[in-house]
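Colleague: Quick paste from Swiss-Prot:
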{"type": "ACT_SITE", "residues": "GLU217", "note": "active site, nucleophile"}
{"type": "ACT_SITE", "residues": "GLU222", "note": "active site, proton donor"}
{"type": "DISULFID", "residues": "CYS38-CYS44", "note": "disulfide bond"}
{"type": "DISULFID", "residues": "CYS71-CYS93", "note": "disulfide bond"}
{"type": "DISULFID", "residues": "CYS83-CYS89", "note": "disulfide bond"}
{"type": "DISULFID", "residues": "CYS160-CYS385", "note": "disulfide bond"}
{"type": "DISULFID", "residues": "CYS192-CYS215", "note": "disulfide bond"}
{"type": "DISULFID", "residues": "CYS196-CYS214", "note": "disulfide bond"}
{"type": "DISULFID", "residues": "CYS235-CYS254", "note": "disulfide bond"}
{"type": "DISULFID", "residues": "CYS243-CYS248", "note": "disulfide bond"}
{"type": "DISULFID", "residues": "CYS259-CYS335", "note": "disulfide bond"}
{"type": "CARBOHYD", "residues": "ASN109", "note": "N-linked glycosylation site"}
{"type": "CARBOHYD", "residues": "ASN267", "note": "N-linked glycosylation site"}
{"type": "MOD_RES", "residues": "GLN21", "note": "pyrrolidone carboxylic acid"}
{"type": "SIGNAL", "residues": "1-20", "note": "signal peptide"}
Amino acid sequence: MARGTALLGLTSLLLGLVNGQKPGETKEVHPQLTTFRCTKKGGCKPATNYIVLDSLSHPIHRAEGLGWGNCGDWGNPPPKDVCPDVESCAKNCIMEGIPDYSQYGVTTNGTSLRLQHILPDGRVPSPRVYLLDKTERRYEMLHLTGFEFTFDVDATKLPCGMNSALYLSEMHPTGAKSKHNPGGAYYGTGYCDAQCFVTPFINGLGNIEGKGSCCNEMDIWEANSRASHVAPHVCNKKGLYLCEGEECAFEGVCDKNGCGWNPYRVNVTDYYGRGEEFKVNTLKPFTVVTQFLANRKGKLEKIHRFYVQDGKIIESFYTNKEGIPYTNMIEDEFCAATGSRKYMELGATQGMGEALTRGMVLAMSIWWDQGGNMEWLDHGEAGPCAKGEGAPSNVVQVEPFPEVTYTNLRWGEIGSTYQEVQKPKPKPGPGPRSD
């Protein structure tokens, strides 16, 4: 999630509960998801993956005899009575498994992953999940510099104010599994992003000193049916970094705003939206293709986004704004011209590529913004939504049960994950009759 307002979006799912460090007795059952690895020569081959909810979503309770209460709240270190030190946290906080992910708004069906923001009983799980490898003990590490990532999406139930996010985070492959974090990736530990949030546990360990959790973040997709946004966020540190004080702030070690790619921000208002008048019609499912284009030395130079719908390739839009280079890709010249100062200072596109080369974890979520109504994504210069239209109270009037479905996650060589369906040429009809 690419904005500080993500914090407000998450509080509804936390309900005062955060991840414990000692697994409990309730079984964890991960939904299975079929994904694909692609080459131009061999096509796309299926692979087995699993989905795990973020550790913050798992049920938590204090160990027996420690009284009622949780093990901490978002934005703060854990309470000292149960977490005076890391070792005590590991003993005193019990994290239970989740036997039925559907109760948290997460279901899979073959190649499809469905995330529900609101359940029929009114609960708001706002799930965030990660992609596990076939062992279920490690995250699937994506190395995408010089490659492309593609998925199909149904965004029809995402009105103004909603955000379906699919992005990459430079988390540890095991979720930083350790003596005091025995669950690791199996329980969804180790989250970080470029916002450097403070959470009671970082890498599964009690965050006694209240540090922030920072790492490189590549927002492949943050969107609803009215607006879309792509943004690389770089940090000048490798992997998960524990920040303190000013390091966690805007001028710190990570680029919080990113270099954003949104058609509305460059005066292209007919490219993406609900209806046939838009090139990408979000009233129907479509395919999202993101290419991470490298030079001959293997350094990331450009990020190229385009779509496929109804069998036709919809090429990326070109910028249409004075002072902005005429381009249809994210590249350093564009980022510098749009005021992405921190992005340029902290490593720019090459720095993002270095993280993509080291390997990043795929995260997927759905959320709303109780504080800012997601207006950074879809209002004003960013999109067509009216002021206040994205308030949660209005979202449920437009769509009582917001959800998103991601299907056919696939990645591989440039040009290997998508195809344009060529319509057959009409056969010549019979010649004129000569009666």
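Cβ atoms are placed via backbone N, Cα and C, with glycine included.
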Colleague: So if I draw a 10 Å sphere around the Cβ of CYS93 (disulfide bond), how many other Cβ atoms end up inside it?
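Modeller: That number is 28.
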Colleague: In angstrom units, rounded to an integer, how far apart are the Cα atoms of CYS259 (disulfide bond) and CYS38 (disulfide bond)?
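Modeller: Roughly 28 Å, rounded to the nearest whole number.
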Colleague: Measure from the Cβ of ASN109 (N-linked glycosylation site) and count the other Cβ atoms within 10 Å, all protein chains considered.
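Modeller: ASN109 (N-linked glycosylation site) is surrounded by 13 other Cβ atoms within 10 Å.
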Colleague: Near the Cβ of CYS196 (disulfide bond), how many other Cβ atoms are there if near means within 10 Å?
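Modeller: Its Cβ has 25 other Cβ atoms within 10 Å.
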Colleague: Of the recorded positions listed here (CYS93, GLU222, CYS235, CYS243, CYS335), which is spatially closest to CYS44 (disulfide bond) when Cα positions are compared?
Modeller: GLU222
Colleague: Check the disulfide-bonded residues CYS192, CYS248 for other C-beta atoms within 10 angstroms of each C-beta and report the one with the most.
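Modeller: Checking each of CYS192, CYS248, the winner is CYS192.
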Colleague: Quick one, of the disulfide-bonded residues CYS44, CYS83, CYS254, CYS259, CYS335, which Cβ has the fewest other Cβ within 10 Å?
Modeller: CYS44
Colleague: Need the DSSP three-state call for CYS259 (disulfide bond) to compare against my parser.
Modeller: coil
Colleague: What is the number of other Cβ atoms found within 10 Å of the Cβ of CYS71 (disulfide bond)?
Modeller: 27
